[in-house]
Amino acid sequence: MAFQDLIIQIGSLGRFQILHMIFVLICHALSAPHTLLENFTAAIPSHRCWVPILDNDTASDNGSRILSQDDLLRISIPLDSNLRPDKCRRYIQPQWHLLHLNGTFPTVTEPDTEPCVDGWVYDQSTFLSTTVTQWDLVCGSQALNSVAKFIYMTGIFIGYIMGGHLSDKFGRKLIFTCSLLKMAITETCVAFAPSFLIYCSLRFLSGIFSSTLRTNSALLILEWTSPKFQALVMALIFIASGVGQTLLGGLAFAFRNWHHLQLALSVPMFLLLIPTRWLSESARWLIMANKPQKSLKELKKAACVNRIKNSGDALTLEVVKTIMKEELEAAQTKPSPLDLFRTPNLRKRICLLSFVRFVSVMSLLGLLINIQYLSNNVFLLQCLYGVVCIPANVLGNFSMNYMGRRMTQLIFMSVLGISILAVVFLPQEMQILRVFLSTLGGAISSASITSTLVHANELVPTIIRATALGVVGIAGSAGGALSPLLMILTTYSASLPWIIYGILPFLGGLVALLLPETKNQPLPDSIQDIENKRKSSKEAKKDVVAKVTPL
């Protein structure tokens, strides 16, 4: 626990931490929209089969030129169960008799239809081009749209597996910089993908680098601040993500061609590589990696930037070694991911945190990546999601500081579940109320995820924190990967996926109550810290029982 003494000595939230925070928050604001990018780049516009009599300018048979578009559509495309033009079938021959409403040409049998063998015609009033229109991901191929999102989420899943371990082994800064570079390259290349297979492959790689980037960027801030500021830091990270969502909505409104939108969000990431040369490695990680000299250098640098007088002279290698003696001894043994499950208390924490992350991320992404199903104006709803994240996370930070981490998760997740379930049973005509509840759900989901991340960071030891957060992140990524696949269930019931999204947050909030409260508690540095705390709490309970038991 002694590292907190060093942080206080150099300034727990000074200019050094603020400059770091600004840079990392900008990175989050530009990287976060890529998770939701397919709300626009893979949007499904209105469509119908291509038919010669409608879409071939040279068609003039049977006097079709004198007929209106509605009449031509009526004789070319059958109606679906909602009495709207079918999106996936057309008549083999024009049904001229359908123009006569007086029954002069009665129909004995249903006219023969066929699939859209000549392709589709897409409505371009909202989107000029999407991946759906480029590769015809509609009708029989519509499930591929969900598969593409699943592949990206699988990349995030793999990234959490690899990123946490690599970060604990090679450091936060190196993995952060490499991930930023590779994500910028892959996302830029996505815009030029010549085929759907290459597109999915590049998005898969981008997902890997995205998760490692975000994990390490959060650690680079959190491990330089004291516990009382960590809830604020996580709230600011999600506020930055909200700014990114608002930016995405604005850019998507400006760039209706998916190639241009992809480049508008990807190319600026290359500029973020320039400030990384001044980024400092986590002094906490350097100590736990048995590199006290490098840690001392970073601590002195932080003290200098924070203008803490005389602290640089007081910080010596002997002081660092003395304060962190137990941690340095623990660092001699390199931890492995299996260490997370060897001791009972840490194992319990990891399992419970993983479940909470799984259900919270599944519901969050279910809401955020399917906004096309919730509102007619996807640009407005996306911007609203981003804007309301700011007050929601401020409220979440206030709640965590006064009610604690566990109660905050329970309350926020319950409200999220209620808002999703309410939207399910509202008719499409009540658009204003649907948008309001969807926006409320998006805001609350952001704040609930913030509280789960803060809680997770405070419950695992520094020596294996990145690996632990990676394992918990894997569970969240699994929920995120399954989230778009649930929309395939709409073929059975339009409400079924949303009912699942709405029920899961209630379960997550209840499970969060089984975890220890960490408000204003110092971060554990070693696995032994967690087990010792468990033993201390047991002994304290025994003492209480002994005092109240009559002789």
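In case you wondered, yes, glycine gets a Cβ from its N, Cα and C as well.
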Membrane side match, C178 / Q521, Swiss-Prot record:
no
Considering the residues N39, N397, which is the one that Swiss-Prot annotates as N-linked glycosylation site?
N39
So which of 6-26, 146-166, 435-455, 469-489 is most in touch with the transmembrane segment (260-280), counting Cβ pairs under 8 Å?
6-26
Quick one: give me the count of other CB atoms within 10 A of the CB of N39 (N-linked glycosylation site).
24
Can you break down the topological domain 'Cytoplasmic' (490-495) into helix, strand and coil residue counts using DSSP?
2 helix, 0 strand, 4 coil
PLDDT averaged over every residue in the topological domain 'Extracellular' (456-468):
81
Would you list the DSSP helix, strand and coil counts for the residues of the topological domain 'Cytoplasmic' (256-259)?
2 helix, 1 strand, 1 coil
N39 (N-linked glycosylation site) in three-state DSSP notation:
helix
Counting only residues 6+ away from its ends, which parts of the chain sit with a Cβ under 8 Å from the transmembrane segment (6-26)?
217-218, 220-221, 224-226, 228-229, 233, 236-237, 239-240, 272, 275, 279-280, 283, 299, 301-303, 305-308, 311, 314-315, 320, 323-324
